[in-house]
Ligand SMILES: [Zn+2]
Ligand SMILES: [Zn+2]
């Protein structure tokens, strides 16, 4: 079987699970599924699959070239090789996912996954066709360099995503000791929440050990229920708007903001940098009129952006 088709091959399982979950919630929490939201998610999934398939056409030969001509090792065959394959890719997924929340260029693609105010199994379908443009594939290149074949890379990337389908549910409570090892529904619910205590936490793909090791873990609290979505909500079901709204805003900022440093930050700074810049710019306008001492303009904006804590993060 062509490994690039793993997610499409599993689509009937995913759709069946969504059907069962929607039926389960029907009497209990009727608002948890909405037809418009689910159709929007399904459309985004198809768009993402199309773009992904095209991207693999270019990226797989690139991995093959790296593997053939520039690899540093050759991974052992058998179970040890497969175990290493799984662990290395899951770690790189953690890096990719964390970067996707902290670098606006990557967030512009990833925001699609977070922009629904609902969370159910169909939310897993909510993906961006812009991932190949954002450069998700770059994160897997070290795997070719250390001696994993292109088929192994594509296969494990897609299996990691397939696993993550099952953590997008509110139907499953905490899972005891598994919470220390795996990304679970509870852990991923917190990841999708916009309450300040949950923002920018729990980047796990399959294993949660990376979050626990690198200080990005937060436990879902019984006293503070998750509020899903992004802090600056976009109220539309239009898949095109959902896919491109942040790219448009980012391009506008990169063109209109004064100075190269601001343009750079608009593209590659944290997603909330724009809000810090705005706040600093309006403050500097006020202080200019009061002729106070201190820095103004772009320097003030940059300085304040660095001081922003994640609890103030508006996205
Ligand atoms: Zn995320
Ligand atoms: Zn998710």
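Placement of Cβ uses the backbone N, Cα and C atoms for every residue, glycine included.
TrEMBL: automatically predicted annotations, no manual curation.
Keep in mind that what you see is a predicted model, and the values were worked out from it rather than measured.
Feature annotation (TrEMBL): of 137-163, 164-190, 191-217, the stretch labelled transmembrane segment is 137-163. For the domain 'Fatty acid hydroxylase' (83-216), the DSSP-based tally of helix, strand and coil residues reads 84 helix, 3 strand, 47 coil.
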